[in-house]
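Take a look at the structure set out below.
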Amino acid sequence: MEVKLWSDKREREMYENFAELFAIIKATEKLEKAYVRDIISPAEYETECQKLIAHFKTLSSTLKDIVPSIERFHDTYKMDCPAALNRLVTSGVPATVEHRAAAAMSATTSAAIVAECVQNFITAMDSLKLNMVAVDQVHPLLSDLSASLNKLSILPPDFEGKTKMREWIARLSKMGAADELTEQQARQLHFDLESSYNSFMAALPTAGT
């Protein structure tokens, strides 16, 4: 006997979206485990992870009224995918971007990365001044900044800029791509960027850069 989960086209589409969201979370969990176990190369992992994160953001934005909490969806269907939740909801960027190795950098490379960090700080701050406050405009800028900061070995893991960017990226990852920061949020983000930039510049002489 066939049991239908839906009574109309709209309900059918909803359940199909649920199935796709379920599949993305499960696939991300498997990908994270494969990367940790060194089954997949960092380059392959990063490419596939970025695809899954992009699909997740699009789908979660579509379902935000029906699935306001991804964590609750995860618990409701007893998915047991903590690594996927961390990657998709909390982090929002691949582990390779988050923890890029920078131990063997030469002085020249370090200088180039310092310049990259400065450029990313200024780009992010200038974009906010130009009222570019949509999530799909802000998120890539903060991801680039976070990635460049993580490349710089002279900065400690708890450096203010790294911490604040992680917090903002996690916050933006829970919003839809077309959502916009409020005036208060944009002002706070600009303040955090400026404060982090000042701390970054102050840290360079201490490290002998």
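Every residue gets a Cβ built from N, Cα and C, even glycine.
Automatic, uncurated: that is what TrEMBL annotation is.
What TrEMBL annotates here:
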type	residues	note
DOMAIN	1-99	domain 'VPS28 N-terminal'
DOMAIN	109-205	domain 'VPS28 C-terminal'
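Under DSSP, residues within the domain 'VPS28 C-terminal' (109-205) fall into helix, strand and coil as 75 helix, 2 strand, 20 coil. In the predicted model, residues of the domain 'VPS28 N-terminal' (1-99) average a pLDDT of 89.
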